[in-house]
Structures are given as C-alpha cells and as structure tokens.
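Before I ask anything, let me first share the structure, which is written out below as structure tokens.
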C-alpha cells in the first residue's frame, strides 16, 4: 500500500483504517483469521454476523474458539476473543442470518467495506446484491483445501458475484438411485435417502424402493404376478411408506435388512430388461450372511478404524447395531419426532456406511471405508488452516487498497496448490468489467424464461424460478398487462389464493412480461415468458438468451486426473465417470493461462473454460489468456452439499 500511496499516504491510510466501519459476514474458518487480522492491522469499528454455533469439528482451524465455547454463537465468541488482541476496538456481533430483512440496504450503507467469509451460494448472492444496491465495495473469498481466492466487487467497475454462470449442482435420476446404481456414490445417496425415509422427514422424491415407472424396464403386463410375489413378506413397497412399514415391524433390523437387500432386489430382478446389458444384482439374506466368515480388509498399514473396509458380515452387523441405536434415539424424542442426518453423528454415519456398502456389494461394486463414505456423503474437502490464514491476509491487503482510493489496483488473487512455472503460489489477475448480460448488475436486468403457462403454478414461479433460480428473498410480481395485476405479493397472505393456480389463469401467455421486485435487495428484474409445450421430461422451465444461466458443459476427464480433495479419488467426486465436482458452496475462480498451475489448471479442465484476452498484471502486456468457470467452494464448514 505504501508504494501505491506515495509519500505521506501511510498516515492517511492509518486514519482511514482506524475510523472506517466494516462488516464481516461469516465467523468460521476464514472469518476467524480475518477478524484477528483486522484488529491487528488497526481496524477499530467492526461488525460481524454469523448464524452458526461452534462445533467441536471447528476447533482444528477456527483458532478464536476453544472447547469451552462449543455450542455458543460463533460471532459472539469471535468478538470476545479478538477483543483480547485489541481491547479498545469497537466490535458488534450479530448471531443471525445476513438474509434477515433487518439487514436491509440502509444497514449496508453504514459500512465503507463489506468482507465475505461465507460457506453457501445463496448468502453470497444476497450479499452481492445488497452491496450493489448500497454501492459498497465487497471483497469475496473462498478456500478449498490448498486452493483459495480473493476478489473485489464494485458496482459499475467490476464483475459482480453473479456475472458469470456457475455449474449447477450434480443430481442423479431417481431410477438410477432406486434401480440401477453403477457407482458407489449412487449407493451412498440411496443410503442417505433411506435414513430420511426411516428416521427423518419423509420425502416422496427420496423414495428408495424399486421404481416401477422406470422407462428402461418397459414391463410386460403378463409379468404382474411375478412382480407381486417378489416382495410380499416384509411389506409391499406399493402399499405402505417405508417408514410406516418399518414402524409396523418395530424397526426390526433383520426384517429391514431382508426387505432392502433381499426382497427389493428380487423385485428388481423381475424387471429383466434392466439386466440385459448390465450385471444383475445379487440378493442378500440375513441368515446366509450370518454363516459367512467375518472378513476385515485394511486399506493402509495398521489401518485406522475409519479407513478399514469391513466384510459383508461386518457391515450387516453394523447395519443392525445402527438401526437399533437410531430406533432408540427416535423413541426418546417421542411420538412424531424425526432425526436429522449429520455426518458427525456416529450412529447416523454408521447407518449410511453400512447400508451403502451392503448395496454396493449387492450391485457388485468394491465397498468403501467409513472415511471414504463420509467424504462422499458430505462431499468433504478438508479445510487447511494455513490456506484460510493466507486468504484472510489477502483480504486485508485488498481492503487497504480500497481504503486508499485505489480500486484500480485491486486484483483477483489465486492461491494455488503448487508453484506455477514462474515459481509462484499466489497469482494476481486484473479485475474484469461487469458482464453487460448479467441479470443482477446490468442497468436494466432482464431475463427470458421458457415454460408451459398451462402447467406452471404461481407457487412454482415464486419458489423454483424467482427464489431458487434467481436468488430473490421476498419477490413481488406484477403482470405487465395494462392493469397492473399483482400476481405475487411479499405481504403475507395477500396472494396466497393464487399459489395453486396456473399462470394461464391470469392471462399470461407466450410473450407476457412480469415486473419482479425484491424490496429487501432493492432489485428489479424484468421476466419475459415464452410458452413451450415440449420441455424435456422433469424440466419445469429453462432460462434462455444471453443471461449467464448455464455454465459450459464439463468434458470427461481421464480417470487418473486428480481432484482437489486430499488423497482419495472418490472422496470428493460424485461420479467417477464425469469427474465434475458437486458444488453448492462456491466462489468464481479465474486463472491466467500465462501462469498455469497444476492444481488450478486441472480443475479448469474439469469445468470447461472460455478463454479471452486480458491485461497481464505482472508484465503489463496484453495477450495473456484467462480461463474462467473453475468453481471453488468456500470451505468454512468443510462441506459441499451433495444432494
């Protein structure tokens, strides 16, 4: 900063640092390091917000917390801890969600600078919009293992967080999960669904029984008798829900085992067309399994318990024990209670590990250790404390540039896993200008959506399109029909009667336009509707045109290509065939082809890049190329949601 400021600039900067008011969003892995850095740098007026409480698993890297703090507010404890570094600092802590309407545009205007240390895309989108509305600079950041990034967002000068498309979360067809799993991840997703169906909140979209409507099966009606007889002992999957049936057995682990791994598999075998070109599953019977020899395979050396692969008999016993434990937990909670799956809850993790491995065995896959299953079930990329520390330091350096009035000196900086050919771990890139097609920061945001006006409900428009797809919190929708018809109101109860009606009932047709406002975000979006009768199966709508809606398709990557998780190939990737990371919590990553790094360039291949010229930050010359669309998850809480 001294070089930027010139003689005497240091004093002005010090004054700005001590007087300015800054907001830190998130007090986890990056947030703890950032708060410590801010007070030690001389920042005196800091507000921090985080809705989370401290967990034991946070203590290996979130050094403002100690064991005695477990269960307490992250924001509050972080405040108390950093005040020990600088007692005269004025710190306000909020144990709350940044998406709470209390934190409106006026709230954001109180700050000179906002710094994100978040772990989910929804909150990032929201803070991005609030900073745009308040015209406040935002410093965005993220880490994943040894990789990290910091970038600066300023309305009108740089790309906003939503200017570039993000790869959508990977999902799996229901018939693959229920009928024809081909990879361990399919079995793990099935086991998590099973946990919810038995002990948690039932969801029709997470059914685990054989899918009778599988289009690939094309059953002959003459086979009805065979199908009906395949699963008629421990509960007919067509008549009762999985939970009701399990409850009727008293959660008998042996009966549940035989239904899942014998009867349901026999039922699948009657769908013979499924097995013409793939290996048929082999049913497992509890009594037969008990006659097997107990086999325990050790993955490495002495083998930590979590890294051992048990034999079929071992997993059958683990399944039985975990069902009994979870049954007791459910009973203790009382009638109508539900359990919530948590990767850090041993019985829940035991259940998913056992059920997934037994299904892998049935479908002739190599079984996985508890460690591997946990990695895939939570899709964990281990957090590295030093990565968080480096990124937090870079955030402060970018903050100092902003406070010096030198936004043009700000950079997107990447922390790579290995030195690039220039022997650098930190690679700076010039900030990009706004994307003129961005439906968030363009001067008049506009987007076109293709849907069937006779089938799409107002509720779906609100929840799936406006809230989920376009990141709004409380949208108001007015039809541009010359009458100003209000279709959706953010005022509770005002338009609830519309929710179950189709769009066409309000005169909406091909070419209709909707004016959508979110007053909390101070955000207005014009939505053009195109009526379409022939959308793909299970597709309710499509965003079309130039809006940054779709990320480029990811090419297949050779099996030996590494991913950004530590050590295990399967641990962070949902699909060994596509090698595309599942990422819900992410930041946009860009890298310079002029300075390739093995880790970031590998990831660049995974996500598929679009190259274009930009200023070479280091040489000042033109002609270096920049790849974009490497999605790097923020690793505050170590988890990238899988499903």
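Glycine too: its Cβ is placed from the backbone N, Cα and C atoms.
What TrEMBL records for 26-31, 50, 58-61, 74, 97-98, 119-124 is ATP binding site. Residues annotated as Zn(2+) binding site in TrEMBL: 160, 163, 438, 441. As annotated by TrEMBL, SUMO1 cross-link applies to 166, 238, 417. The active site, glycyl thioester intermediate annotation in TrEMBL covers 175. Under the heading SUMO cross-link, TrEMBL lists 192, 259, 625. Look at TrEMBL and you will find 204-235, 545-585 tagged as region 'Disordered'. The feature domain 'Ubiquitin/SUMO-activating enzyme ubiquitin-like' is assigned by TrEMBL to 449-536. What TrEMBL lists as domain 'SUMO-activating enzyme subunit 2 C-terminal' is 546-632. Feature annotation from TrEMBL assigns compositional bias 'Polar residues' to 565-579.
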Given the binding-site residues 26, 29, and counting only Cβ atoms in the protein chains shown, which has the most within 10 Å of its Cβ?
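Within the set of binding-site residues, the most crowded position is 26.
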To which of the recorded positions 123, 175, 441 does the lowest count of other Cβ atoms within 10 Å belong?
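Sparsest of the recorded positions 123, 175, 441 by Cβ contacts within 10 Å: 175.
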Note down the number of other Cβ atoms within 10 Å of the Cβ of residue 438 (Zn(2+) binding site), including every protein chain shown.
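So the Cβ neighbour count for residue 438 (Zn(2+) binding site) comes to 18.
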Out of 29, 97, 175, which of these recorded positions is nearest residue 160 (Zn(2+) binding site) by C-alpha distance?
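So, of the listed recorded positions, the one sitting closest to residue 160 (Zn(2+) binding site) is 97.
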Mind telling me which of the binding-site residues 60, 97, 120 has the densest Cβ neighbourhood, counting other Cβ atoms within 10 Å?
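Selected residue: 120.
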So among the recorded sites 166, 192, who's got the most Cβ atoms within 10 Å?
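Counting every other Cβ within 10 Å of each candidate, the maximum falls on 192.
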Suppose you look only at the domain 'SUMO-activating enzyme subunit 2 C-terminal' (546-632); what would the mean pLDDT be?
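Average per-residue pLDDT within the domain 'SUMO-activating enzyme subunit 2 C-terminal' (546-632): 34.
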Mind telling me which of the recorded sites 259, 417 has the densest Cβ neighbourhood, counting other Cβ atoms within 10 Å?
259
Measuring Cα to Cα, tell me the gap between residue 259 (SUMO cross-link) and residue 166 (SUMO1 cross-link) in whole angstrom.
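On Cα coordinates alone, these residues lie 41 Å apart.
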Would you mind reading off the Cα separation of residue 60 (ATP binding site) from residue 417 (SUMO1 cross-link), to the nearest angstrom?
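Taking the Cα atoms only, residue 60 (ATP binding site) lies 20 Å from residue 417 (SUMO1 cross-link).
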Between residue 441 (Zn(2+) binding site) and residue 166 (SUMO1 cross-link), how many Å separate their Cα atoms?
16
Rank aside, I only need the closest one: which of the recorded positions 26, 29, 50, 175, 438 has its C-alpha nearest to that of residue 417 (SUMO1 cross-link)?
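Nearest in space to residue 417 (SUMO1 cross-link), counting only the recorded positions, is 29.
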Near residue 97 (ATP binding site), which recorded positions out of 163, 166, 175, 192, 438 have their CA within 10 Å?
none
